[in-house]
Amino acid sequence: LESREVIICYNRVWIPDNEEVWQSAEITKNYKAGDRFLHVQLEDGTELSYPVDPAALPPLRNPDILVGENDLTALSYLHEPAVLHNLKIRFVESKLIYTYSGIILVAINPYKQLPIYGDAIIHAYSGQNMGDMDPHIFAVAEEAYKQMARNNKNQSIIVSGESGAGKTVSARYTMRYFATVSKSSSNAHVEDKVLASNPITEAVGNAKTTRNDNSSRFGKYTEISFDQNYQIIGANMRTYLLEKSRVVFQSENERNYHIFYQLCASAMQPEYEHLKLGSAEEFNYTRMGGSTVIEGIDDRANMVETQKTFDLLGLKGDFQMDVFKMLAAILHLGNVEIAAVGDERSSINKHLNIFCELLGLNCDKVARWLCHRKIVTTSETVTKPMTRAQAANARDALAKKIYSHLFDFIVERINQALQFPGKQHTFIGVLDIYGFETFDVNSFEQFCINYANEKLQQQFNLHVFKLEQEEYMKEDIPWTLIDFYDNQPVIDLIEAKMGILELLDEECLLPHGKDENWLQKLYNNFVNKNSLFEKPRMSNTSFIIQHFADKVEYKCEGFLEKNRDTVHEVLIEILKESKFHLCANFFQDSPVSVSPFSSTINIKSARPVLKSPNKQTLLSGVFQFRNSLSLLMVTLNATTPHYVRCIKPNDEKLPFEFDSKRVAQQLRACGVLETIRISAQSYPSRWTYIEFFSRYSILMTQQELSINDKKQICKIVLQRLIQDHNQYQFGRTKIFFRAGQVAYLEKLRSDKLRHACILIQKRVRGWLQRRRFLSMRRAALTVQQYFRGQQAITARNLKQTWAAIIIQKYCRGYLVRRLCQLIHVAAVTIQAYTRGFLARKKYRKVQPIKNLISVTGNNLCSVKNMNTMAIIPNSSPFACLVLLSSALFFLVFYQDLLLESHFQSQKEIYEKEIEGLNFKVEHLSQDINHLQKLFREENDINDGIRLEVSRLTSENLVCSRCRSTTQMCLWHSKYLKPRGVVVNMIPGLPAHILFMCVRYADYLNDPDMLKSFMNVTIDGIKQVVKEHSEDFEMLSFWLSNTYYFLNCLKQYSGEEEFMKYNTPRQNKNCLKHFDLSEYRQILSDLAIRIYHQFIIVMENNIQHMIVPGMLEYESLQGISGLKPTGFRKRSSSIDDTDTYTMTSILQQLSYFYSTMCQNGLDSELLKQAVKQLFFLIGAVTLNSLFLRKDMCSCRKGMQIRCNISYLEEWLKDKNLQSSNAKETLEPLSQAAWLLQVKKITDDDAKEICEHCTSLSTVQIVKILNSYTPIDDFEKRVTPSFVRKVQVRAMLNNREDVPQLMLDTKHLFQVTFPFSPSPHALELIQVPSSFKLGFLTRV
């Protein structure tokens, strides 16, 4: 609460300022009761002693963490400076033009084209709840559409604001939204016609003013009609208070209606020559304001666009030319010069002829009665000449009357074009109406406009009051009466009996009624009698009314003339006699309305009114406006209203410039501050229990957290933290806080986090100091050690050291010698065993030779034995060696002879066997030739019979069986689950069976059978896919089999490029007689269609999981960052058991993957499908991030990066890294990195531009502008840093696209790679479950 208890040192307050309306200041000294000054310091460092009233202390400023919220009602302190500051931060720094204020959408005109209105944005908001996305005009339109569909109740969207605030554009975007999301299934293009009505009404009803180049000079209520399927079937338009005076008068730097300048810009074209037009500077009615051209606007091009929209609505050339003829006649009428003849006479020059020629009028009559008037008395009729001024007024009145009728006629024909044959089920009305206006000089038009806004404000106040009461009742909170401003006294002043309007009509009925007389009646009736009516001190021609928004001074001049809105009766009669049918129809006594929506209210006068004999009896302008306004209010009260308040940020039309004075003035006028005031009187801040628990769990004790009921925990914590129980109320689903309590809780939370940070810093700093101390201690010990060592060096120590070295030398030598001896013994042992092994191996080889020696005979042995004894003793060693060598040579030679004889005998045996086998082969060959001859003779005899039987049966039996084969395969896939079928069979088995039927037809060389079979197959696949267009498993099954069937047609086509992949056995099965390349193309197109439907089904199944799982679900502990959301609550809750998580997405992806694998889908196709799914996940997540400011935080970037890692792990687990699916997530990955990286210095800006190569400059700037700190420790991105990034992006010549959103409907090009089947056709077995027993293998 704003009390002296919180006006303490270091708190911030708002103090009034002449330039900025409000200025922020920090309190430098605690305020005490009774102090007359508040000591503050301004943001520029100025010290100030601000005088205060103890009963009305300055308003407190919200914590920085709450600044920039999507909804103004989420602010803890609700007052004018808080609202103004929040809007300024969002508009200037974050470049966000939309903000919620309870049920109102505040739209600030950026005076710059923004990339936030494309079809991708529309689809992003479609189906979303209002609190889930950033504020947007599309969110309001979606809310209206959803409520209409859910409640079957008509809706209204009320768009209001000053001229130049963007009302017309906002209304146009809402209509475009409805046309996009509710397209009808017919070919009537009703949506296009509804949108086409906007350019036409803008051409004939909009003009350039000093405040706006395309200002609507009339009010418009468009009813968009929907059928029971909530598709657009038609529309109807009602208009209010066209500014007719603009036709004949424009202020400086203003223009007439656009259509006149479009017509003049096209005057030189042949089809307009008969209109005798010229440039706009040639006509009085178009050059009066001195500004005939709008910078950047091509009137000639707009004329072409206007004609196109006429054509689209079915209003063809003849109708258009009639309209242009009427417009040209008005321009020529404005050029009619009236000359004065004496003081009381006037005459007309020859410029009237063209006007009369175009409208088919009698020129003499028109000339006469423009300068004269007829006075009818009871006894005679008198013709009286008019003065020049009176004649000019009569001319202008005629021009205004003609244009008014033409405008109504065009609107009526548009309504005819938008008629519909069916019955309207519901409708959504879009009201584009002028906001509260006050100028230096305010006249009749401003009075009517402000009167209409008083009625709309009253309806708005009652609706807000009603919603507040419903919210309290729904939450079971005691309802207390809220005091709100009731403007009924102002409305009574204007429209009650003997009020301003009735006195005006009464004065108009008098023959000599004057503005001054009417004003005097107002003075007499209301001055000093009604506090809302005042007389200006320095003027006797004006009056002041205290409206709900501000005091407005009206000049009475022209009120009566504009209210009468009449043309002299004689001129009306002349126009009725026009030969131009359109002109004559305008002025018939009883025009028939053709609009099916038109409705009237019969209002009877309380007293009879005498008909004036001198004037055309018409309803007054105020009377007509009041009736139409009453009808509008009846319509609005019967619908659920939605409010859009358009704000003009500055009068110079500078982009993203914020004039606080002008904005504050409009906020007061449009009812935004009144909504805030009503909310602030009760419990403006509202949190769900889950949001409160998530945000403030840090303030809870362990004992409190041990309770299972979170609702009970919240109650216990609040009762402990806030002692005054009147400052909050517990509802059924929400906790209601009074103003300032959320700021207090935020302070407690920040203090707790700050203390925790200090504790962490203390521990870390202590650890660092201890580590530094231990390092220094070790260094000191080392230094001491060496120092003491230096001191201990003496002669004794040196001798001891030398003795120790000698001992070490001998000891080490002994150890080495001992090791060497061990190694030597081991080496000798290894050598001994190795030599023994080699000797034994050599002995085994020599043993056969010894055996041969023993076989040579006893003679040789005896000779050897006898001579040995004699030789050895007597011979030398050399002789013995020669003897042994000779013996060895003899033995080797004898062995060779034995081997040669053995081989010769074996060769003779083999030759005899080969000769016998050759004889047998020749004999068998003769037998085979004889059998083949007999077979050919038998075959020639039966060939005619076989061909005849084949011809007769192929058309009936074979075709029937082939057709049955196709139908049975299709039936099998239709009535049996593919998953259960494909487990134990080869991939693409149905495709192989179908191809074998094709091969049989080729074998028979029957083109008719082949054509019939192929057509039946393709039609059957189409039928199955059509009947199961939403069945993922069925689509996967037939995508796989269509692909395999296509590959079989290629593999066995006989073409060289495909045959090279076949085995010789497979090449024998190639088609011999037919070229099926045309059918391959048809099957390829069919496969692409199945693939696209297959992708659509997968996307539909996973798309609703993406945002909850990737963005909203918080799987990482301790990073929750929920903040207050205001009136518009999020639809999802972190405790909702139905909420999708990242696990849900991974499970869905795994289901897709397993189904595709079980159906044998080719690996390349599977990778393409996964890549498409990952692109969708990344695009939808990133698009949602762009449109959700509450998600643009450092902690959310961590969460997104974690989720991306889960997806990458899934790809790795499924061995799909080569699918390039990971690359499609790169923009999202870079966005997550951008949320986490530091964003302060020039180096940071450079790093961002170098790293975020997959994001456009528009997307980078959007994320930076939307970055939202979750805690006080985080800092916002400054506008100067955003400009640095933009400049660096321009210097780097980035090739950017202007679109903000990624196209989620984008499909990567699909390719069907040729993959030959490894299975031989003759080895394929047909499962009995196929029930194709009638098939036989040929």
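For all residues, glycine too, the Cβ spot is worked out from N, Cα and C.
As annotated in TrEMBL, region 'Actin-binding' covers the listed stretch 629-651 rather than the other ranges in 123-145, 629-651, 767-789. Report note: the ATP site is defined by Gly161, Glu162, Ser163, Gly164, Ala165, Gly166, Lys167, Thr168, and the residues of the same chain whose CB lies within 8 Å of the CB centroid of those residues, excluding them, are Asn109, Asn212, Ser215, Ser216, Gly435, Cys646, Lys648. Counting residue by residue with DSSP, the region 'Actin-binding' (629-651) contains 9 helix, 8 strand, 6 coil. For the domain 'Myosin motor' (67-750), the model gives a mean pLDDT of 84. Between the binding-site residues Ser163, Thr168, the minimum number of other C-beta atoms within 10 Å of a residue's C-beta occurs at Ser163. For the binding-site residues Gly161, Gly164, the ranking by surrounding Cβ atoms (within 10 Å, all protein chains) places Gly161 first.
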